[in-house]
Amino acid sequence: MIYEVRQGADCKGVTMRITNGIASEFSPAVTSGISDLNALLLRNRIIYLGTAIDDKVANNIVAQLLFLSNEDREAPIQMYINSPGGQVYAGLAIYDAMQIIPNPISTLAVGVTASFGTVLLAAGTKGMRYALPNATIHMHQPLGGAQGQATEIEIQAKEILRLKARLNQILAAHTGQTVETIQRDTERDRYMDAHQAMEYGLVDHIMEVPAFKRLPGL
């Protein structure tokens, strides 16, 4: 992964390459505006997951987690999540990286966290999981399809059932719900607002609107 850091009064850019979680100067920075923004967030120990989760996205998020942990193994990491979910294997890669690094990780639901996005939201450090007031949190069982010979379909069916059982265990561990409750509640799409998600154990806090911005009835 390559990102840009701007330093000094002249705000000159320096492009950094991350290899195995180690950052090194790569070349004078010539990057897009979005790269500049991501670099600024990373400098402030913020990771923003704002897309569906696939292998490319997962590799990028894992690299950022490893880099920030290598930079300071005790400082908290913030992860903002606005994601419809995505590939289970890719999501599990991010989940495992979140669990193996020693840093506390604060998660925040922005907009919508759905499917595996909700798993990652719940996987934040206990007491440090947040939702914005109008965030929507969604859960369901893994989706999949198979075609081919009967034996191949059977293999794929067994694998998706294995993943379903594992995700139920993960959500149960992070929410305090029983596996049976998680299995029941994910049989169909389940949508929650921020307060319902907090009651369920997916988040610990709801971010409050500053008092001077609050409007009657909201």
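Including glycine, each Cβ sits where the backbone N, Cα and C put it.
Note that this is a predicted model, so its numbers are computed, not measured.
Database features, via TrEMBL:
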ACT_SITE  Ser115  active site, nucleophile
ACT_SITE  His140  active site
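Figure note: comparing Cβ neighbours within 10 Å for the active-site residues Ser115, His140, the maximum is reached by Ser115. With respect to their backbone Cα atoms, the residue listed as 'active site' and the residue listed as 'active site, nucleophile' stand 6 Å from each other.
DSSP gives the residue listed as 'active site, nucleophile' a coil state; it is part of no helix or strand.
Look at His140 (active site): DSSP puts it in coil.
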